[in-house]
Amino acid sequence: MRAEGSGSPGFPLDRPVSAPARYAVIAVWLILVVVSLWVLKGARLSTDMSAFLPSNPDEHQRLLVDQIKDGALSRMVLMGIEGGDSATRAATSERLAKAMRADGAFASVVNGDAASRELDQHYLMQSRYLLSPRVTAERFSAEGLRGAIQGSINALGGSAGLLLKAIFPQDPTGELPALIERMTNGRMPSSQDGVWTSASGDIALLVAMTAAPGTDTDAQEQVLARIRSAFDAAREGADVRLLMSGTPVFSVDARRTIRAEIERLSLVGGLAILTIMLAFYRSARNVVIGLIPVLTGIVVAVVAVSLGFGTVHAITVGFGTTLLGETLDYSIYYLVQSGNNANWRREYWPTIRLGVATSICGFAALLFSSFPGLAQLGVYSIAGLLTAAAVTRFVLPVLPARPVPDSSIHWLGGKMAGVSLQVRRLKWLAALLAVASLAIVLVNHDRLWAKGLSGLNPAPLNLQKLDERLRREAGAPDLSHMLVVSAPTADQALQAGEQVEASLAPLVQSGTIARIDNPAHFLPSTAAQQSRRSALPDSAELSDRLRQAVAALPVKADRFQPFVEDVQAAKAAAPITLQTLKGTSFEFLLQSLLLHRDSGWAVLMPVALPEGAAKAQAARSAIEAALGHAEPRQQAYFLDMDRQATEMFGQYLNEALVFSVAGVVGVVLLLALALRQPARIARVLMPLVGAVVIVMAAHVLAGTALTLLHLVGLLLIVAVGSNYALFFDQSFGPASALTQGALQRGLSRTQAAALASLALANVSTMIGFGILAWSQVPVLHAIGATVGPGALLALLLAMAWSGAREGRTPEVAA
């Protein structure tokens, strides 16, 4: 398989490397490593998940991106205190909330304690006439007051009678109870011993909003550690336990789990690979030399991403390093032939070089992704592959590697030759398997890829159930379905939200929509406040109307002097602002539902849809139809967060698929340019296509929907498998001479070395990636369950379909 031009006069492949040249190569390599390590010291390792969000989202996607990056859901921590008795849990809750409120790491903390409850009650009581939508000129007419007061008198005999009786002189129209019902919608947490509790009373509840953005996993990990530390101090030795859930908890737990799994599996896989290499090479020096291309590639790859993007994402390093496991094959191909460097450079390097080029074509497609994280992965892979290949080509030959014992080479090469002969007898069966797999993939093409993100959720089921319970018990806002209203200013957004809610009121009244929440319920727009203020009569007029209103009622007008005074105070009060809500639990809700964005402000209005898929879809259609008749300046739209997330990450996957196809086209063109013969191009591509199709079919039969991580794994099958297919196609001796007679006569060292290097490379790949298939983390399992079996299939299919004719010595174009 000698490359054209490789033996041209003056080309120093066959010449021994002089001492000065040897030292120069080592010096250049050391300089590269030192400079890279120096740059690496200043590199910023990011855990900000925004790198894996679209860089140019549309309007609807932008809100989802904002919510993931810095929204309420991404910063909300739900806590529960269980164990001990009710009084102990309540005391611990109060001490914990006090400590957290004094910590700048938290934007707000609520637990329903006396202090926050008093602030809420004071705010609602003092501001009720500016908050209540029932405050109109008609309601404060004599007739309107008569009906309102009669309603309050009737309610005095109900379950809330004691509360109503206490405030009746101040609030005879019942604005405060109506406000409480409107704002809580029956979702206010239960209370016991002065703090929020679960409905059963066995868990004390707290809800906190972190100051750090949700995508900063490092900061969130520190915040959770501070909560645990504060809890340890707050419990004062009592036998109580802290429960935590929420997106920050999921993120930190997922990273910890993935990191632990990678460390555990990498240790097991690494030890297994090193043990096999040590047994084969019988030289610790060779094992160390074999790792040099991989380690150098990792360092340079991190530097390349840092220089290109300004920051390196931890996921890029994790998965990129996994992908660079392919580069271990390069040193294996070299070390097995290290007894004859000139022969390796002539006969093996052109094939390795072409394999590297095909791998780069596959990963180059990722460079054009609109998702920065995917583009980073492309840069990382390409820089690492090029560096590892260059180190293998120029640095390893000048290092003092020990020749691999002939006994090891002939033993493994002979075993490999025997397997190859057996596999080649099954080539038609392999073809049938590939065709059947292709049929399975085509028949199931519409459900081949995952539609959502559930398959990638690393959170354990018990933590997901805990989150559902705490969120339900605490009455946390459900932002899965919501109306979004945008405007240049916060006040304009609130006013537009009020108009949208009014336009949808018939849908609520008819039961088409179960409920609409609105931050304007506790922070009305300036226009709404002014309208209500104008509806309030002055003192004399109100007193006169009261006398008329109660003339036929069993109460005297003089009893309502506190009411008259409160109305006059409200009429003269300053407008309610964001600052007015400071310290109340409504401030917490406002942080969730009133967002400052680059383009202005947005009001989020959670919508509770009715139960049942048909009714929910009817509600969506009714909402969108109603919004279609709304004023254009309101810029309102209905957003299904789950559906939007599915669509956005579906776009992520579709884009990756398109780029992958482009990469495959690049691989085909590259092979066509290098091999120049359709039959040879087909022989190289067939094992790759066959391996990919069989692995995809296996996932289909196992009921596994493919995700983006599976796609990356399929790309890696092509990258690794191309080396196997090219080596067999080049038929540099073993493939063309693999007959039973040749095997009985004994393989030459070159033949045995070629097969031994392929076997060792494949075993290391299968161990390195295959062990990930045992991981309980979906993202790791996806890579391992794809690349491990795929690499083996690529090798077996390359054996089965090599088909070189006896005595033929094909050449590869330079």
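Positions of Cβ are set from backbone N, Cα and C atoms, glycine also.
Note: TrEMBL annotation is automatic and uncurated.
According to TrEMBL:
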TRANSMEM  20-40  transmembrane segment
TRANSMEM  265-281  transmembrane segment
TRANSMEM  287-309  transmembrane segment
TRANSMEM  352-371  transmembrane segment
TRANSMEM  377-396  transmembrane segment
TRANSMEM  426-443  transmembrane segment
TRANSMEM  656-675  transmembrane segment
TRANSMEM  684-702  transmembrane segment
TRANSMEM  708-728  transmembrane segment
TRANSMEM  752-774  transmembrane segment
TRANSMEM  780-801  transmembrane segment
Stretch contact, the transmembrane segment (20-40) with the transmembrane segment (287-309), Cβ-Cβ under 8 Å, 3+ pairs: yes
Selected stretch (most C-beta pairs under 8 A with the transmembrane segment (352-371)) from 265-281, 287-309, 656-675, 708-728, 752-774: 656-675
Positions on the same chain near the transmembrane segment (708-728), where near means CB under 8 A and six or more residues out: 319, 323, 326, 329, 333, 351-352, 354-355, 358-359, 362-363, 377, 456, 649, 652-653, 656-657, 660, 663-664, 667, 683-688, 691-692, 695-696, 699, 735, 754, 758, 761-762, 765, 769, 778-779, 782-783, 785-787, 790-791, 793-795, 798-799, 802, 804
Candidate ranges 265-281, 287-309, 377-396, 656-675 - greatest C-beta contact count to the transmembrane segment (752-774) (under 8 angstroms): 265-281
Candidates 265-281, 377-396, 656-675; stretch with most C-beta pairs under 8 Å toward the transmembrane segment (287-309): 377-396
